[in-house]
């Protein structure tokens, strides 16, 4: 606990007491004051110690009005709301509350010390000695520690190991100042806290001590702490049959929560918060932790309370933590309702904003196709396109052995020569393209170096950080010299399927069968014939949105092929035995499809930029025949994956798919029976999850 309290103190800033209260400080003070008043009014009536003791009442009231800031910070960070305005506010308010309450207990210990044995000195003599020692410790720490710590920090700059003698000197100084007041009867634990708050919180030494002590606490102290707590909480002495036991437990929980909520609601009214957020603040700030548990057990050890009362206090502490995930879930739910829609997909992308693509490659063999893909996707110079060319490299034991830790954001560097050579070859190729055809095109290099199990997660996180609207993944099969596709790499197939499921934006899988072999596409002459197939559904609308960008390239001939169901069979298709569909949903989807296609037709086809072909089909058999008739006509065919949307034109095609991740149409076009010279791009639109997509980590709700 001495180590715990030292680190807690180092992370506190005592000089906030000399500044005007900030918004988070006002919230903390209001919650503390209301809880303290409520606790002082009720706890004397509950007979916790057999008879009224003012020192116990004041200590208990202060502990109930406090907040376990390390526990609260850990929970808020784990729930991923630490970057939001309410997350930052509650963490700062928790720090204020923890600091003030622990400071009050530290000062109150001088007047009402907890001792197992009497010291033999008069009360006045004890107070004078402890006060003098604490003041001396505080003055030495505040005046001398910055000089010593700054000297050590200057002698040991970042990037170099700390000299052993300097580290020993720093730790010895901390130990010395922490032991001043305990020599005169003051609590060693509270002395460590009082010394910690005046030690510099910045600098290498402080960061080193905090990191090492926290590691020690996590790996050793906390397990032992809870074992000790269970050992001291002897349930054989617990009195479950007494109604007073449960009354004390219930009222402790009520005081801790209602007091905090009352204070935060009042402060929220003055500060202009919405009342649901004020209530959530109060519930979050009522969290208790290790220090409050220690006080409960220490009171029992010193004979101040009974075992039953200590167990009740410990159980009440646990109850203040269990509901926190529900509170955070409610905060996120409200934030999603109020957040603007921010869907990462091409269909919803503002045309005036730059398109961001994450283009993944397995190696240099994917680069020619990648460059031609960038060229046809570039659109207009303004707003342009930003492409993040990302190398997908499996982290093997051999490569892992070559990783070197460096400073900076990317703290690991690969020194494996084969990886370096491969990345340089890719970089040179894309850089040459950007230099020659760079108007409106910005290319950046990224790296996804992971095991196949972790790579999908890394790619999704990277795409989210880059705010990419589309991820392009290479197909796991590659083309042989004779034109056929090989068996493929099962690891990359696993990555593709996982990314399709979890991606934060739209995803495309590029089956390269000649796109990289053709002459580099340019704007000076017509090169490839490209087609987009539109049947219906959100994935096909996304494919159409991408095709709209391809249509802006003067060196491309684009044809849009729309598959329509025969009018006489349209109603019958809804009554097919194995084809279950909600008619209202289907009609709504068809309405959206028609509106989307009408806009595309008006902008592209009517202006003569894009050729248009209609195919009226009756069933999936005719769909298959029509697809095979396209063989050899186009260099690239763009299709939607299809998702789970059923259509009479694709019904039954799922039953014999070789690669379900490509969808029914994409699977046919990339199959071994189709053209050896036609590449295929299969696009899946971002799957919107939750009430509203696009709730960023730094959302605002206050």
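Keep in mind that glycine also has a Cβ here, set from the backbone N, Cα and C atoms.
Nobody curates TrEMBL annotations by hand; they come from automatic prediction.
Taken from TrEMBL as is:
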DOMAIN    4-332  domain 'Cation/H+ exchanger transmembrane'
DOMAIN    387-521  domain 'Cation/H(+) antiporter central'
DOMAIN    529-687  domain 'Cation/H(+) antiporter C-terminal'
TRANSMEM  27-46  transmembrane segment
TRANSMEM  58-77  transmembrane segment
TRANSMEM  89-112  transmembrane segment
TRANSMEM  172-201  transmembrane segment
TRANSMEM  213-231  transmembrane segment
TRANSMEM  251-272  transmembrane segment
TRANSMEM  311-332  transmembrane segment
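For the domain 'Cation/H(+) antiporter central' (387-521), DSSP puts the residue distribution at 49 helix, 37 strand, 49 coil. Mean pLDDT across the domain 'Cation/H(+) antiporter C-terminal' (529-687) comes to 83 in this model. Below 8 A, the CB atoms of the transmembrane segment (89-112) and the transmembrane segment (251-272) form no more than two pairs separated by six or more positions in the chain, fewer than 3 in all. Tertiary neighbourhood of the transmembrane segment (172-201): same-chain residues 1-3, 5-14, 99, 102-103, 105-106, 109-110, 113-114, 119, 121, 126, 129-130, 132-134, 136-138, 140-142, 144-146, 148-150, 209, 294, selected by CB-CB distance under 8 Å and a gap of 6+ residues from either end. Proximity of distant same-chain residues to the transmembrane segment (27-46), defined by a Cβ-Cβ separation under 8 Å and at least 6 residues beyond the stretch ends, is recorded for 21, 52, 57-58, 60-62, 64-67, 89, 93-94, 96-97, 100-101, 244, 247-248, 251, 255-256, 258-264, 266-268, 271, 281-282, 285-286.
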